[in-house]
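Have a look at the structure below, then the notes.
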């Protein structure tokens, strides 16, 4: 991957004008499309398959007037009463006008209880007595009255013109002295993506952080510019898509927030690496290409984890949440693409003006070194302190309550919030979330008596404050009841009430009515329940994915485990931080939270998905530097503790800057965010703060120091089976050198330059060699050392340092292709491996077995063997060599034990015969060819590998 990104970076640098023009044209095209077709955002929270949604779907067929969007008109007299004849007359005339508007199907008159514009209803059920109606829709002191308006369309599809007409029809009431009118209910909820000056402040904070980090305004503006272009394209594209599919009104803002944060961060990593490479003396083009290959590889990995986690939100099988996750994933995809294409082009325009000054380069890492020293010196107290802090922050998470937003979450002073608060204060909290109960009365011979029976049963259920409506449909086969809970919609008691009402369907007196409970409150409870059920599977997928990906990246067991543990701790602590503010109200006023209580239902699953990607991002950038240092220096006595120090010194400055930018961007969406976005933005800001500073920069380095060299332990059997992920571009130099280096020009199939292997705790160095087609080289030394080196050639182990290439590629990558055959008899075990051959010599397929026998007979003829010798050791070697050659490789790697003199001469004759046929032969043996016909490269013991703390 790093080599491909190198080529992309170089191509974008060379075609920078065309690349810049292409992205700008795409941005203009998206903007033009928005100006032409507009948007069609959806505010619905439907979940197919839930009881509330199924009941709502049934009502849309049997009683469509009650299944559409509804609004509430609240009239409050600050002086006097709304029952004053003059005021009542004005209100009733206004409601009559509302009932006659296009798009309005019915209006409930609070003074008479009559359902206006519902055909057939009045003929079946007369209005309730006025004194009963007044007690339900007129407050006890007569200061407030509310009327329900039923629309023709679902709430999210009601045209703005219809809502404006309703507001205008109520103008005569608002003109009355000391009379206020507010509009509530789901129909009047605010929708749409919003961007205010507060979000711009977040961008400005990011700019300041970048300027301080880079000490260059030009370098600081590059990540901001690319992120803004990416956000514009991604958000605009999602808004355009809303005309084709249902897109939640919160999805564009969420995508904007995440896209802006990751876009700045990803560009920050690449620009930082580019300036480092310029400081090392590389030319601008080479620095751009190498930065794209190294930091760009990590950006691809980090972006992929975020994308996978966000796309994984579809596990919950909730349509609106799936769209939100995919929309945010699209924003991240655009951010990654821009960082890998547009940014290299802009770096080309910047040229040498981004080159680091010597003073700046020398001053880097001083503060990081001090922090590293403290963490390593007090590693045990630091580990305990970090864990205790995170656990303490996580404790309040047990009190976190979840629900869907309602008008009580709207901004204080808004008409929706005024309507909500007025109804709660004058009538009771349950009137803001009435439950809709439907009943099948088709089998009843007396529909009115059945309605009375059901209404009385519902009213007698504990937790019910009132039953305000009991209405049959035109065909008198379905009745709908409006049940007012005694508690607020998000109260635990209301959740219990919904369950109790559903259980009524099983009672003997109600069994034939097929009772079903729906309405916004019931839908909210079903959504929360579905999300809670999806949380554990999603968490298992996320943690399992992190373990697998980090094991691939770091070739370790303990590093992925500690990374996942840190992620779980920071996620739980973030939940706790949300509970402290939104549930307990601690510091709520500081961030514009004026109402505490439940937060949006999908916050936990959304936070887990996004924070997972960001946490793995920081983990890769920090720990990859530690691994790089440890791999390159352990053969010379370097310790794991020194690797931890090097990783913090080299990466912490960029990680700190990236985290501060993330926090600033997320925090900027908290004060002005809606009920959906505000807690999510706060949770992400808190999560990044805790994960970056407490987990990645404190807990992980302390744990890495405690684990020492065991942090990099991976069972050899697993190591051999895992594919290579070149996240930090570790093989880039090899690929670039092998593209046009001397080894390829000279036709060398195997080349070793400064190779050192680690066997049984001791470092072994082999003299440099190049093996061409038809050549034969013997590696002579201790059995453990030569065995380990042969494993490295065949791609089953890693050299501790140096360059080892096969067929022009790094050994481990070349071994994926059939270029190396393995044969011979096993030598001494290495790294605790069992005494087995390098590859099993047992044929598993008939065709391979036939080739093996054919090659064995050919070798016997060539060397003068006969059947009497075939049972001896040479015959065993012959069979293994034939097996190695059966796939016709370019190179065979052979491990030979010490053989008797006669047998040794025969075996070496075979090896020379194979080389004469054009196959390169690499032999690892304690004793070389007795006839001195082969080049010998000794393997030396150079130093014991010091045990790292």
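Just so you know, glycine gets a Cβ as well, placed from its N, Cα and C.
Taken verbatim from TrEMBL:
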DOMAIN    216-349  domain 'SSD'
TRANSMEM  193-214  transmembrane segment
TRANSMEM  221-241  transmembrane segment
TRANSMEM  253-272  transmembrane segment
TRANSMEM  293-316  transmembrane segment
TRANSMEM  328-350  transmembrane segment
TRANSMEM  378-397  transmembrane segment
TRANSMEM  531-553  transmembrane segment
TRANSMEM  565-587  transmembrane segment
TRANSMEM  599-624  transmembrane segment
TRANSMEM  654-673  transmembrane segment
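Between the transmembrane segment (565-587) and the stretches 221-241, 531-553, 599-624, it is 599-624 that has the most C-beta pairs under 8 angstroms.
Relative to the transmembrane segment (253-272), the listed stretch 328-350 leads the set 293-316, 328-350, 378-397, 531-553, 599-624 in CB pairs under 8 A. Counting Cβ pairs under 8 Å that are 6 or more residues apart, the transmembrane segment (221-241) and the transmembrane segment (531-553) reach fewer than 3 and are not in contact. Per-residue confidence over the domain 'SSD' (216-349) averages 86 (mean pLDDT, predicted model). Helix, strand and coil content of the domain 'SSD' (216-349), in residues and according to DSSP, is 118 helix, 1 strand, 15 coil. Beyond the ends of the transmembrane segment (531-553), by six or more residues, the same chain brings 301, 305, 308-309, 312-313, 315-318, 321, 402, 559-561, 563-564, 567-568, 601-602, 604-605, 608-609, 612, 616, 619-620, 624, 714, 718, 722-723, 725, 727 to within a C-beta distance below 8 angstroms of the stretch.
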